[in-house]
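Copied from TrEMBL, the annotated features are:
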- C:12-32: transmembrane segment (TRANSMEM)
- C:52-72: transmembrane segment (TRANSMEM)
- C:79-102: transmembrane segment (TRANSMEM)
- C:114-132: transmembrane segment (TRANSMEM)
- C:139-161: transmembrane segment (TRANSMEM)
- C:181-376: domain 'ABC transmembrane type-1' (DOMAIN)
- C:181-205: transmembrane segment (TRANSMEM)
- C:226-250: transmembrane segment (TRANSMEM)
- C:262-283: transmembrane segment (TRANSMEM)
- C:304-324: transmembrane segment (TRANSMEM)
- C:330-350: transmembrane segment (TRANSMEM)
- C:357-380: transmembrane segment (TRANSMEM)
Ligand SMILES: Nc1ncnc2c1ncn2[C@@H]1O[C@H](COP(=O)(O)OP(=O)(O)O)[C@@H](O)[C@H]1O
Ligand SMILES: [Mg+2]
């Protein structure tokens with residue numbers, strides 16, 4: 001578990017991060033979201049001590065990060081930035097091998113790890129290991145950036161606007177990939193973004209920051225239904241709120257008994273997807289299938305609409 | 001083999017042939033001289049002079065490189081940052097000094113011969129290398145540096161593994177410039193009795209022998225062009241990996 | 001924002017300067033006395049080179065500057081103390097020459113020595129550092145140059161330095177000094193003008209024609225690579241037949257063929273920066289601007305003169321700056337082949353081992369190059385100001 005305990009950063013008289021506390025459970029993805037200049041990057045950089053806190057502390061599994069030598073701490077925490085900062089003079093394999101080399105892993109182990117990561121990120125080792133960063137597309141660079149950060153199996157992965165440099169289509173694919181990899185590795189991730197859609201799409205929990213302060217730290221559904229104040233409410237977007245809520249809810253939650261015509265939808269898909277299909281096909285209900293493909297009931301427009309508003 | 005590398009090869013072979021067996025080319029120079037005057041430089045071996053010339057330039061360049069790169073590293077570290085604005089201005093001012101002035105001022109201090117030439121080459125050679133080291137080190141992508149810091153590289157690892165390799169093509173360009181200036185200054189060094197190819201030209205000027213002047217001029221010119229070319233090749237190899245630099249190195 | 005540094009704190013550069021000042025005052029000779037022009041010199045410490053009261057005053061001021069350099073951070077204060085230091089140091093050099101030269105002795109020579117050079121170096125370093133930190137605009141830099149130049153002119157005209165060896169050297173050859181000066185400027189500026197007349201149109205043409213550009217750039221960069229004296233030599237042969245004999249640097253006894261090959265060589269050297277910068281300047285003109293001009297019905301000529309050239313001007317001026325500084329320096333070498341210029345004194349001085357004569361040629365060259373680079377840098381900045389990129 002990562003405990004962020006009353007972290008504060010002051011530059012001269014300005015407070016850039018003010019008294020921020022929250023905990024990140026192991027194996028979860030926490031998104032820090034807020035407008036530009038809110039202090040998100042500074043908060044993130046205090047976790048790996050690229051910025052020294054003016055007050056407060058960070059505990060990783062109960063261990064105060066100040067007791068760990070800076071460089072050693074950073075070897076244990078992966079770090080991905082917008083633009084990635086790949087080393088232009090090193091090829092993909094050498095880029096990924098950076099931290100394992102700093103840790104003096106033996107060569108065979110490094111080579112194995114690099115290959116494993118390239119596979120994981122769907123980059124064919126034979127093709128990509130010896131390419132240089134400038135020979136890669138934006139999406140490939142991004143994957144190498146994340147692979148490099150994961151190379152030494154860090155306890156925690158920090159990501160600062162990791163998708164900021166990608167165009168919309170590649171970005172949503174990269175986001176899905178990140179979720180898949182996070183689930184698969186059970187990694188603990190803290191990700192910074194200014195994009196609310198991204199926050200809702202990725203976050204198990206979301207920390208909303210504004211003007212140096214943490215306004216709310218909650219699950220996406222809580223954020224929608226019980227925003228802490230007007231600012232959060234405006235930030236989550238009053239117009240998109242119902243659709244966001246539907247995106248967060250799986251079909252299973254609105255399952256009812258009965259029969260419906262048409263192609264079945266999986267119980268794990270979101271109500272947002274179900275509604276979209278219903279609108280497009282002009283039907284009132286769709287059959288619902290479980291993971292084995294067996295029909296387990298149906299989902300109807302009326303039932304979905306009930307989920308698109310806060311519970312009384 | 002491309003046309004340019006063919007030209008390069010031919011130029012090199014011609015130069016080598018001329019400095020080892022200049023007499024073989026006498027017929028080319030005879031039309032230029034007064035009757036009875038020697039057609040080919042006869043006061044020393046062209047080969048020896050060339051080697052002495054190259055040795056002076058080489059030693060001075062090594063010395064300049066070591067000091068200039070060290071200084072460049074120093075003023076771009078936090079501990080030397082206070083010297084950065086001053087050192088930039090000094091390089092700008094230093095480059096307004098003609099090399100010949102440095103040479104001339106060194107003579108009264110250390111006497112005639114190799115020493116003033118070496119000092120002039122060394123001091124003047126510092127400037128382009130230092131300037132390019134500064135440029136190279138300060139233009140290293142801040143993203144790469146941030147990533148390096150974030151991955152837990154210490155200051156020395158960042159310098160050796162990230163900053164210097166990224167600055168290398170620019171530093172090499174500085175060294176190449178410095179070598180070319182030095183080749184010229186070393187030629188003028190013969191006016192203060194340094195051993196080198198300038199001797200041939202000066203001898204030609206003194207005895208009004210255009211053939212000597214032309215020979216000295218040709219050898220120095222070919223040497224400079226070939227070295228410039230060769231070092232350019234080294235730079236391109238160094239820059240090739242860094243695709244984004246390819247366009248910036250002339 | 002970075003918190004402002006405290007006004008009083010330890011400064012590393014200041015420390016280096018203070019050490020230099022200490023060495024200059026107590027461990028290095030201030031002036032060199034020679035019984036004749038080419039006799040070997042005798043060193044004189046500050047305390048020996050000046051009357052006691054003057055020596056004490058100079059030492060006090062220098063120590064004050066040292067203290068200020070270590071403790072004061074404010075650039076304006078540092079500049080002020082450096083200027084005061086120079087204002088005391090420079091005249092005292094002249095006083096020292098008068099003090100050390102026996103009355104009615106025309107052969108004795110007094111020249112500045114290591115201590116003086118170190119002191120002026122320290123004060124200048126302090127001033128340069130302060131100026132660099134002040135980030136003066138173009139007018140500020142021109143003003144600083146004008147103040148410096150006027151002060152220098154005042155020192156020279158007031159006669160306070162007349163007893164110095166270099167001015168005695170000047171005295172005996174005032175005529176040839178100004179003749180060589182004119183020749184030097186003629187070589188440097190004349191070849192620059194010729195290179196502009198020829199190079200800018202060539203640059204415009206190269207900008208339009210890719211094939212021409214490659215050929216021109218490649219040949220010019222080969223020319224740039226050839227060392228000056230070698231190029232002079234190579235040009236002498238083809239131009240040789242034309243040239244009239246001119247007596248050369250006496251010591252070397254060289255007979256050469258005059259300014260023609262020198263002028264031509266300087267012209268050739270000047271071409272690359274001019275052509276390359278013209279091309280680069282035109283290349284960086286935004287395509288949209290040219291397109292808009294075309295859309296408004298401007299002819300090719302109107303576009304070039306009214307839009308492209310003004311936008312390319314800062315880059316072209318930067319090329320002219322490079323050329324001018326380079327030419328002012330290279331022109332010194334012209335003397336070697338009878339081209340005249342300040343180099344004549346340098347090579348004569350080398351031949352006679354007369355450092356004062358060398359300096360008589362070298363110092364004006366350095367001053368000219370320095371002045372030219374400051375002025376042209378300011379012009380480049382100003383032209384950028386009028387054509388926002
Ligand atoms: N080193 C620094 N010195 C002074 N101010 C800083 C520094 N770093 C960041 N800031 C200020 O702190 C505020 C928050 O910055 P940052 O954490 O980068 O915001 P975000 O990542 O949310 O956009 C900004 O106003 C920024 O100007
Ligand atoms: Mg940020």
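Yeah, the Cβs are placed from backbone N, Cα and C, and that goes for glycine too.
As the structure is a computational prediction, the values presented were derived from the model and not from experiment.
The stretch with the most CB contacts under 8 Å to the transmembrane segment (C:114-132), chosen from C:79-102, C:139-161, C:181-205, C:357-380, is C:79-102. Distant neighbours of the transmembrane segment (C:139-161): 87, 90-91, 93-95, 97, 131, 167, 367, 371, 374-375, 377-378; these residues of the same chain sit at least 6 beyond its ends, with a Cβ under 8 Å from one of its Cβ atoms.
Between the transmembrane segment (C:79-102) and the transmembrane segment (C:12-32), three or more CB pairs separated by 6 or more residues in sequence fall under 8 Å, so the two stretches touch. Looking at C:12-32, C:181-205, C:330-350, C:357-380, the range that has the most CB pairs within less than 8 A of the transmembrane segment (C:304-324) turns out to be C:357-380. Count of Cβ pairs under 8 Å against the transmembrane segment (C:181-205): among C:12-32, C:52-72, C:262-283, C:330-350, the largest is for C:262-283. Across C:12-32, C:52-72, C:262-283, C:330-350, the stretch most heavily in contact with the transmembrane segment (C:357-380), judged by Cβ pairs under 8 Å, is C:330-350. Within its own chain, the transmembrane segment (C:52-72) has Cβ neighbours under 8 Å at 7-11, 13-15, 17-18, 21-22, 24-25, 46, 78, 81-82, 84-85, 88-89, 92, 95, 119, 122-123, 126, counting only residues six or more beyond its boundaries.
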